[in-house]
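Pulled from TrEMBL, these are the features on record:
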- 56-77: transmembrane segment (TRANSMEM)
- 98-116: transmembrane segment (TRANSMEM)
- 122-140: transmembrane segment (TRANSMEM)
- 152-170: transmembrane segment (TRANSMEM)
- 182-202: transmembrane segment (TRANSMEM)
Amino acid sequence: MNAFRFLGDMTHLFSVIVLLLKIYANKSCSGVSRKTQELYLAVFVARYLDLFTDYISLYNTVMKLVFITTSAAIVWYMRRHPQVRRTYDREQDTFRHAILAAAAFVLALIFNDRFTIREICWAFSIYLEAVAILPQLVLLQRSRNVDNLTGQYVLFLGAYRAFYILNWVYRYFTEGHQSRWIPWIAGLVQTGLYADFFYYYFLSWKNNVKLELPA
């Protein structure tokens, strides 16, 4: 554990809290991509298969449980809650997320550290997380106007990945230059996808205007 990883975990947690607050308090999931949330649920379930077999620390176990349960809760709200599901913008959220999952699975079969079920699932989760935000970003571009809570949710998600890259750099220089290339490449791809959003978020903050993304 180091400061960069802790900050990454906290910004990730804040992003989930912000999204849950938006959905629970407003009884609305307008502007939120259900497909992105389903991809994140798949990411956490695949990555944390070791939850009941390998104990690392209480902190580690709690964070794994939090991310799985909150992701499942968000998907449930968007699919089953009678008020929330009526606000879901099905016509705008049309990104074919199954293609992303299939591509991530194929990559995991080809590029992995060891050809075992656990390692393939871990690699799959890394590849899938790198692109899971795409349906959300496409939805925001189509809707143009981005409400504050949705914008903050995406901002915290991007910050989480940026902190994790710093965490990997720190560990590379402090743990004998040992690193895993799969999360490095996937993390850089994921952070790059946020670059355009960060730019427009900064402009809206600087000019004190509502965040709008170009079509």
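The backbone N, Cα and C atoms fix where each Cβ goes, glycine too.
Three or more CB pairs closer than 8 A are found between the transmembrane segment (98-116) and the transmembrane segment (122-140), so contact between the two stretches is assigned (pairs 6 or more residues apart). Within its own chain, the transmembrane segment (56-77) is flanked in space by residues 1, 9, 12-13, 16, 19-20, 23-24, 29, 34, 37-38, 40-41, 44-45, 48, 84-85, which lie at least six positions past its ends and keep a Cβ under 8 Å from the stretch.
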